[in-house]
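Student: Below, the features straight out of TrEMBL:
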- A:48-144: coiled coil (COILED)
- A:146-263: domain 'OmpA-like' (DOMAIN)
- A:237-271: region 'Disordered' (REGION)
- A:240-250: compositional bias 'Polar residues' (COMPBIAS)
Amino acid sequence: MNKRNMTLGIAVSFSVLMAGCASTPQDNAKVDEARAAYDEIKNDPDVVRSGDRQLSDAREELTRAENLLDEGAEIVRIEHAAYLANRHAQIAGEQGKHAELQQQIDSAEERRKELELQMRANEAQQARREAKELRLQMEAMQAEQTDRGMVLTLGDVLFDLNRAELKSSGESTVRRLAEFMNEYENRRVRVEGYTDSTGEASYNQGLSERRAQTVRDTLVDMGISRSRVETKGFGEQFPVASNDSSGGRQQNRRVEIVISDEEGNIETREN
Amino acid sequence: MNKHTSMLGAAGVISIAVLAGGCASSVERPDGKLQSAESAVEKAVSSGAREFEPVLLNEAQNRIADARELIEQEQYLEARRQLEKASVDAQLAGARADTAKAKQAVEEINNSIESLRQQVDQRQ
């Protein structure tokens, strides 16, 4: 009798306690959500590779939530485990995404390096091509080896009669010279102006000086350091042909570009 | 007879105690959880969560503040839950910030590749 009562008492206290712990729905939205979050990423290779730890935490919490649900545990406990499961799954998903992005970064980095190499190769190739072209141009411009060094004679193509402003065709000639100087950075030049003997000698002297300075200013505008360009006006001096004929005078109206040696030295011409 | 009954009674008391313990597990002060939640927040901040995931980061910080109050009131179980949530909130905020930064990096490098390619094309 006594014993029976005791047993009953135990059974009652059992069920009361169970009821106290649980208010039991069989389904729980939070657990479903967590399961969905876990299922979504559990087979993602990026996640498996790099979010492994979080993935197993998610699995563990999800299992706990499901067990608690089956046991009819307190809803706050179930949902707490579901919350943690859901978050772990989300974190694992982010780590997977991050790993995938990191891979993109790595391969892009490689592509960028290749491109940079290719560009440098292209630049070198282009520089060689340009250097060759410039040498050909120098030859085409008929730079001559003289006792003053390499001398480039620019006929009266640079300027109009009695003017000191470059013609546009003259400008492109000077541009070629600037390119040459960019290519050969140790070289300096002296720009020498010459005229024919028509008109006042002093006027011709001034004109030849202004023209030489115009060529220098144009070179400087094209990025050549001023210190690499000397100017000199020789006026009517040093004719290369007779001033008696128009053909001879045309030859005498000229600008000569004297190119320095590799140390930047230029032979001076005494007047 | 009497002895037997009292043993059964003792068994009943024990099972009550066990079940009660199962229901309200860990009434210990969750100091360790507090520490790991705080370090998770620090880590998230250093990942740039303040910039990329301010809402979630803030949530984690609020949970820690709540947990501190709960600890004051000796409501350790609820404090512990808040701290566990705070930890995973902060970790997620940090992970999202990392992803966002990686996305930006991908964009930047792709842009630089694009401009390099244009330069290469121009020169050829």
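Note: Cβ is positioned from N, Cα and C throughout, glycine not excepted.
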Student: Quick one: DSSP breakdown of the compositional bias 'Polar residues' (A:240-250) into helix, strand and coil?
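Tutor: Tallying H, G and I as helix, E and B as strand, the rest coil: 5 helix, 0 strand, 6 coil.
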Student: For the domain 'OmpA-like' (A:146-263), what's the model's average pLDDT?
Tutor: 88
Student: Counting each residue once, how many in the region 'Disordered' (A:237-271) are helix, strand and coil under DSSP?
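Tutor: Here the numbers are 7 helix, 6 strand, 22 coil.
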